[in-house]
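Features reported for this protein in TrEMBL:
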ACT_SITE  ASP12  active site, nucleophile
ACT_SITE  ASP14  active site, proton donor
BINDING   ASP12, ASP14, ASP240  Mg(2+) binding site
Amino acid sequence: MNNQITNVYIWDMDETLILLKSLLNGSYAEAFAGLKDAQKGVEIGKMWEKHILQISDDFFFYEQIENCNKPFLEALSKYDDGQDLSDYDFNQDGFSPPHDDLNKRKLAYRHRIIANKYKQEMMDVWDALYKMTDEYTDGWLSSARALLEQCLAGNEDPTICNTIAGGVVRSNATGSRHINVLVTSGSLIPSLVKCLLFRLDNLISHENVYSSWDVGKLQCFQWIKERFDNRNTRFCAIGDGWEECEAAQAMNWPFIKLKCSWGKSC
């Protein structure tokens, strides 16, 4: 549809959609002037940190590819020859840093497996920790999910919207599309795991998760514009930091700066 409006929402992750750093360093509790148990916040943060690293290593090859960060999972897709990986031994394939085409293919294989596992929504076992964190942070996590859902709905009547897996909604009434994209300053693999553990995976698809760790947020924003842009596409960035603000300004996009619920800029 040539006149279809596409709204692309570019989100920051840490201290925007989730809270982790401020739990670990105690700054979240400090802002409440003694009303929050700071040690409990630190303990919750450490539990998340442990699970993120464990799942990254056990399921997402992070121990093998930690030093091979890419800005998104499809970055090496052209090297993936589509080989059946059912019986592939990732521990015996001689993978080394991807400086040549062979090892780029081996990394692309790992990215394919990661993408498939991301789609499986395999993280229900951590519900108790999620609920504990949401309660401690006065509903921050569930509010972030609700906001993502509202952006996808585009203020349309939900009875006339068809949800498409992976954080894209197409309205039957107007033909408009609403897409959530994540640009995080963290490394790609732990960021994907955070999406799973913090229940964002059905609102942001794996191909819409970008890591600015090596390339910066402006470069990621430029890639996103190239990927989605046409005359009927509108972009909006949301976050708490200076880097995404400056990147949005450079792209001439509107930027919504998050203000924490306790009245201070994050």
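Positions of Cβ are set from backbone N, Cα and C atoms, glycine also.
Residue density at the residue listed as 'active site, nucleophile': 24 other Cβ atoms are found within 10 A of its Cβ, drawing on all protein chains shown. You'll find the Cα of ASP12 (active site, nucleophile) roughly 7 Å from the Cα of ASP240 (Mg(2+) binding site). For ASP14 (active site, proton donor), the same-chain residues lying six or more positions away in sequence with a CB closer than 8 A to its CB are LEU20, LYS21, THR184, SER185, GLY186.
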